[in-house]
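The structure appears below as structure tokens.
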Amino acid sequence: MDIRNEFLQFFQNKGHEIYPSMPLVPNDATLLFTNAGMVQFKDIFTGIVPRPSIPRAASSQLCMRAGGKHNDLENVGYTARHHTLFEMLGNFSFGDYFKEEAILFAWEFVTKNLGFKPKDLYISVHEKDDEAVKLWEKFVPVDRIKKMGDKDNFWQMGDSGPCGPCSEIYIDQGEKHFKGSEDYFGGEGDRFLEIWNLVFMQYERSNDGVLSPLPKPSIDTGMGLERVQALLEHKLNNFDSSLFAPLMEEISELTGLDYASEFQPSFRVVADHARAVAFLLAQEVHFNKEGRGYVLRRILRRALRHGYLMGLKEAFLYKVVGVVCEQFSNVHAYLKESKEMVMKECFEEEERFLETLESGMELFNLSLTHLNENKIFDGKIAFKLYDTFGFPLDLTNDMLRSHGACVDMQGFENCMQEQVKRSKASWKGKQNNADFSAILNAYAPNEFVGYETTECLANALGFFDSDFKEITEANPNQEVWVLLEKTPFYAEGGGAIGDRGTLFKDNEEAALVLDTKNFFGLNFSLLEIKKALKKGDQVIAQVSDERLEIAKHHSATHLLQSALREVLGSHVSQAGSLVESKRLRFDFSHAKALNDEELEKVEDLVNAQIFKHLTSQVEHMPLNQAKDKGALALFSEKYAENVRVVSFKEASIELCGGIHVENTGLIGGFRIVKESGVSSGVRRIEAVCGKAFYQLTKEENKELKNAKTLLKNNDVIAGINKLKESVKNSQKAPVSMDLPVEKIHGVNLVVGVVEQGDIKEMIDRLKSKHEKLLAIVFKKENERITLACGVKNVPIKANAWANEVAQILGGKGGGRDDFASAGGKDIENLQAALNLAKNTALKALEG
């Protein structure tokens, strides 16, 4: 049975609108990932946005529960039901039907469509929900209905937000399979398995814990697809179902092991984590040191460790990820389109971790022999595994699990000191929606006229302080927000900064517009008051001249993305952007740095479109029609049914609500000024056009003239070559080897800094001079510290030593056991690096 299609078809026949799965990265600052089907409907439930014309919805939503409040990562592989990524089937009512219909629909689908026997079904309800009990008694004997408290049967998304009592459908998997003392209905055992949760959304909980009735009672339900699939196939573990069979076969082929072996938990971890990695990478979450990217990194590294347990010492997960992409490509087409990029990025991240995995495992296994009688693992060692070898703390705890041990958390936290809690770094901060509820109830969305004009006459509907509390009057020197009846000011969005400008009253400057933002469909402008203004005042709103320069950079960004896709391939997609009056910044998915030839091609393509003077065209059309025309869209963006499409003839077509030039000739010229990496799999281009392009060219010409003067040569290249030759000749002079040499237990130890010379050559000379050697030499050059280290006839690995020291300098190293090099940009930490290098060597020699 195709459960997904069966579910959606059932509810479509019941008058529900079918919604696609929203991105795993939600447009919600309070959530790390989309963790439930109701996330995309949250603003409807709270009344922030109006309910849709069809007040019934159903979806099959991809969800992630790893990191943040809802975190199942540590349980995956050890239980029958936990997953990091799973699919949640759900039906929703926005003030339409309530408990009676929700219960009726659920019972019909479970018993008729899925075919579960009524005698095997049990129901839980909230202890105060007598109404639900009476409704269930129509289908289920009262002795199979159990009342439970808030802990089990009151659902809420977070500490605040929509919530309400819930009712759950359980299935008895059979007494013959479960003999534990907790295997009774309501117990902690697995015999009675929850399959569907019906939430009766009646309240909203405020930040201070107060429950308030929602505008209209609603329904939110959730049923795990993986769980239902296993039950229909009479499997007691989700991982034993046909959904996971292709992955288990691939893992078995890679390892040479049987799924039904002692390594079964590791099979399950790898299979689960491969799904999460595939979908997150395909949805443009990239490996990073913080936030969602760090959660992704933790998932991958946990999978690699379980692969290591099964004897896999080389990159392998990318192959399993490839199977995931193929398996789900018929439902999620983007997996097929991005398969090559996803596998490549996964492979490269695996290679990075495998460089340190072996050394980290050696340290871990050695430390296990020193466990105290309470089986507490040294927090300092756990921190070293985390900081030096890249082992996330939960990975170390996972490894300790089979030994009945755990990390000394106090010791770990002491070592961590006040480092940023990485897994929350990119999603902290909450918008207090309650503050806007009153505004949204009082004001309709204001009219934006900025596409047609940069100036208009408008009434000031209201003024608001920094907390968006309404004020009656705005006085000179205050900074306040204004809501205009209609506005020419474009609100920040699509990477473009918000418009600035001026408000005039009675032909006098009344306020400077510092910024413009959109909150829940209302365009607010931030003002610096020059002359007193009050609610109802009529003003002239005028956009500043920098609007045109912003438009130039915005249009250039569209041309840039098109050029990148032509030069690098269709896998390129936007990962972020910033559009200002003097520059643009564009982040995009690509696995490696662009070379000079590629950058030149991209720049030439953009300028070619500028010189063609292509006319811009703006159209409004249904979303599906726009996609059929080939319009580029942001994966993470949630679009309305009808969208605005901006095109420059054959050169570019994108979904965009921003301001653009009328024809590309107005852009003037385009120059790439920098290409860099943002994170694994994400590159960044910074560029200028328009006036900024002219100013850059002017400054470069001035510098060129100065260079000719300093070199005393009109041929700058020839002058530079002559200077380089002179420097090269001066460097050939022998460099003093005044490096301190200490003899420790018969080993010559050298730790020092030089001002000039080839430090690799110095290491070679030291190795030829001494029979037993530990040497590390630092050199400051080009605002960086570089280092080289050599080992001779001493049981210490140079690459591990160099890498550990490089961490303090903000870098990393690599090389062989007998020679390694490294570098970092944190020059101020040079003395600390010297101290660490020496202490590490001394500790090794004395140990």
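Every residue number used here counts from 1 along the chain in the order it is shown.
Glycine is no exception: its Cβ is also placed from the backbone N, Cα and C atoms.
Note that the coordinates shown come from a computational prediction; the quantities given were computed from them, not determined experimentally.
Positions annotated as Zn(2+) binding site by Swiss-Prot, on the basis of sequence analysis: H554, H558, C656, H660. Under DSSP, H558 (Zn(2+) binding site) is assigned to a helix (H, G or I) in the three-state scheme.
Of the chain residues outside the Zn(2+) site list H554, H558, C656, H660, G494, A551, S555, T557, S616, V646, E654, G658, I659 have their Cβ within 8 Å of the site's Cβ mean position. Look at H660 (Zn(2+) binding site): DSSP puts it in coil.
When Cβ atoms from all protein chains are considered, those within 10 Å of H660 (Zn(2+) binding site) total 26, not counting its own.
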